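Contents: one structure, followed by commentary.
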Amino acid sequence: MKLSTALVLGATATGAWSYAIPQLEQEVLELPETHYEQQEKYLIELSPYQTRWVTEEEKWALKLDGVNFIDITEDRNYGLFPTLDAGSYVNYPQKMGYVDTVKGLIAGLSMDNMRKDLENFTSFHTRYYKSSSGVESAQWLYDQVSKVVRDSGADKFGATVQKFDHSWGQFSIIARIPGLSKKTVVLGAHQDSINLFLPSFLGAPGADDDGSGTVTILEALRGLLKSDIVAHGQSPNTIEFHWYSAEEGGMLGSQAIFSKYKKNQADVKAMLQQDMTGYVQGTKHAGQKESIGVMTDFVDPALTSFLKNTIVTYCAIPFVETKCGYACSDHTSASKYGYPSAMATESTMENSNKHIHTTDDKISYLSFDHMLEHAKLTLGFAYELAFAAL
């Protein structure tokens, strides 16, 4: 996830951000002629249809300045936020229909599981998507997801866990729990982390960004598969859990997945992204009530309304509306390819974790009680839509 930060390098972009593009031009010095290897450049989009070619170093400079972007180099000809097809509008339930069942499943969610998983997940030096340890962490996560599915017995009824390979090394992960139709509900988080100062060398435990979201939806998957109806493939709709690679590089992994889904005409009815689910200190220091942040910009309004209803029904804390700006996480990719998306996070943006993208994004700053509330909403969201007439 991209957040504003005070950790700004001298070479970062400057200028206010209100859909104005920070200037990256540098003074040209007269130096002796020297032949340099040309740096690879990437096409990024900083707001709808506002693009720029940048080097990788310029990418990180923008992120340090709190500037969001999506890297569209691989699919630059696809229009962003296209008009949904006439038949693709989704009517989400106006009220929850399976409260007793979902609350029974919620009772089985475990903070101990999330803590253990996050301790292991943050033990890798970095989960930077181009690093060898980023591949190792992805393999560890794949093994955990596979074990959850096997232990539930869902694999005997068609459930699968697949690696979605990418050119940069770290793969994305897709757990698919088939239903009676191909109408699909996606729950997502990103698995990569980054240290913006020297991504290839410095540590990036990424406990909150987005280790917290990763283990939150993993625990929700455990809880969901305790339903025999779901595990046995008898829910009306299909449920998928995604762990995306390379979100920090500009939503690269999620774009690749939703691009393929669009080409294959996948019938995705809803996508919920969970990015940073564990930090509450900022909210408490501000003297505000602990809440779940619900994004209201660049999301689907109807799905966001359903998300709010889910929180009110299944969580012990309220929601608070907030905005993260353009291209702040992987729900952007779902929207880009015409799929309805929503996003939940730990707080309002101004109260969110400022330790991210450094070596200091540690478990010690996080609240597993708060992460449990996010797991509750994830489980409720998934189960209710698994049985909804979408």
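Glycine is treated like the rest: Cβ placed from N, Cα and C.
The Zn(2+) 1 binding site annotation in Swiss-Prot covers H190, D209, D275 and is backed by similarity to another entry. Its Cβ taken as reference, D209 (Zn(2+) 1 binding site) is surrounded by 30 other Cβ atoms within 10 Å in the chains shown.
Under the three-state DSSP scheme, E248 (Zn(2+) 2 binding site) falls in the coil class. Under a cutoff of 8 A between CB atoms, and with a sequence separation of 6+ in the same chain, the neighbours of E248 (Zn(2+) 2 binding site) are K63, Y128, Y129, H190, D192, S193, I194, H357. The annotation Zn(2+) 2 binding site is assigned in Swiss-Prot to D209, E248, H357 on the grounds of similarity to another entry.
Annotation note: C328 (disulfide bond) sits in a coil segment as assigned by DSSP. Annotated disulfide bond per Swiss-Prot: C324-C328, in sequence order.
Residues or ranges marked as N-linked glycosylation site by Swiss-Prot: N120. For the recorded site, N120 (N-linked glycosylation site), the DSSP three-state label reads helix. Note: N120 (N-linked glycosylation site) has non-local neighbours W140, i.e. same-chain residues 6+ apart with C-beta under 8 A of its own C-beta.
As annotated by Swiss-Prot, signal peptide applies to 1-18.
Between the CA atoms of C324 (disulfide bond) and D209 (Zn(2+) 1 binding site) there is a gap of 14 Å, rounded to the nearest whole number. When the alpha carbons of D275 (Zn(2+) 1 binding site) and C328 (disulfide bond) are compared, the span between them is 9 angstrom. Same-chain residues with CB within 8 A of the center of the H190, D209, D275 CB atoms, the Zn(2+) 1 site residues themselves not counted, are M1, A189, G206, D210, G213, E247, E248, M276, S329, D330. C328 (disulfide bond) sits 12 Å from D209 (Zn(2+) 1 binding site), counting Cα to Cα.
Within 10 Å of the C-beta atom of H190 (Zn(2+) 1 binding site) sit 31 other C-beta atoms, taking all shown protein chains into account.
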